[in-house]
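Engineer: Mind having a look at this structure? Questions to follow.
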Amino acid sequence: MTTMLSIVQVKNNEIPKTLSIKKFKLIAGVDESGCGSLVGSVIAAAVILHSIQPISGLADSKTLNKNKRLNLYKNIIKNALAWSIGYADVTEIDRSNILEARLLAMKRAVHNLSVKPDLILIDGNRSPGFTEIPYQCFNKGDARIAIISAASIIAKVTRDQDMIILDKQYPKYGFAQNKGYPTFFHLKQLALYGPISQHRKSFAPVKHVISDINRKL
């Protein structure tokens, strides 16, 4: 199998007994990218891999260099049985919070799959609450379970590409390099030029800049 675990002990009630991965044929891994960014959507990916065509080298996307990650991304989208993306945009993030937006993006990613999985493995300790499909959450699942690693790679590469496009529209903030995360340069430019429409106004660094601007009016 493509998963790194063959047996998973379930602690919650989603699946009442010890979860034997082998009895499920269509296993989807789900992960997200962009929770800590100050800019843009949070993006989730859902991936179903062929059990007889394992992809070697899968790992947490954050631990891979750019070239390795991109090569794996191409391999996954070429050879996966199914894969999809789900977005939660800036308005949805600011309206609720990043944790709820993360779950919403995950739910959309699974919904967008062209093939319905019979098991979902999710990175983290919270689930959107799938009612028709058994699921299980795993802390650091992107580093422990290959199918979740695959989802983490799809989500990160997709979001990085979106940030490169945004950088071309707003080159002052360095989005192509920092991907919207609060680097020194990004925060400096944010304070100097103010936020754009894609900045998450509910996030403290952006909220602080907006407050400073309003005080000066």
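From the backbone N, Cα and C atoms, a Cβ is placed for every residue, glycine too.
Not measured: the values here are computed from a predicted model.
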Engineer: Of the residues Asp89, Asp94, Asp118, Asp123, only one is listed by Swiss-Prot in the divalent metal cation site with Asp31, Glu32. Which is it?
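Structural biologist: Record check against Swiss-Prot: divalent metal cation site with Asp31, Glu32, extra candidate from Asp89, Asp94, Asp118, Asp123 is Asp123.
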Engineer: Could you say whether, by DSSP, Asp31 (divalent metal cation binding site) belongs to a helix, a strand or a coil region?
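Structural biologist: Its secondary structure by DSSP: strand.
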Engineer: Under a criterion of Cβ-Cβ distance under 8 Å and sequence separation of at least 6, what residues of the same chain contact Glu32 (divalent metal cation binding site)?
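Structural biologist: Glu32 (divalent metal cation binding site) has long-range Cβ partners Val42, Ile43, Ala44, Ala45, Arg102, Ala105, Met106, Asp123, Ala155.
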Engineer: If the divalent metal cation site is taken as the center of the Cβ atoms of Asp31, Glu32, Asp123, which further residues of that chain fall within 8 Å of it by their Cβ?
Structural biologist: Val30, Ser33, Ala44, Ala45, Arg102, Met106, Ile122, Gly124, Gly141, Asp142, Ile148, Ala151, Ser152, Ala155
Engineer: Please determine which of the binding-site residues listed here (Asp31, Asp123) has the lowest count of neighbouring CB atoms within 10 Å.
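Structural biologist: Looking at the binding-site residues Asp31, Asp123, the Cβ with the fewest others within 10 Å is that of Asp123.
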Engineer: Looking only at DSSP and grouping its letters into three states, which state does Asp123 (divalent metal cation binding site) belong to?
Structural biologist: strand
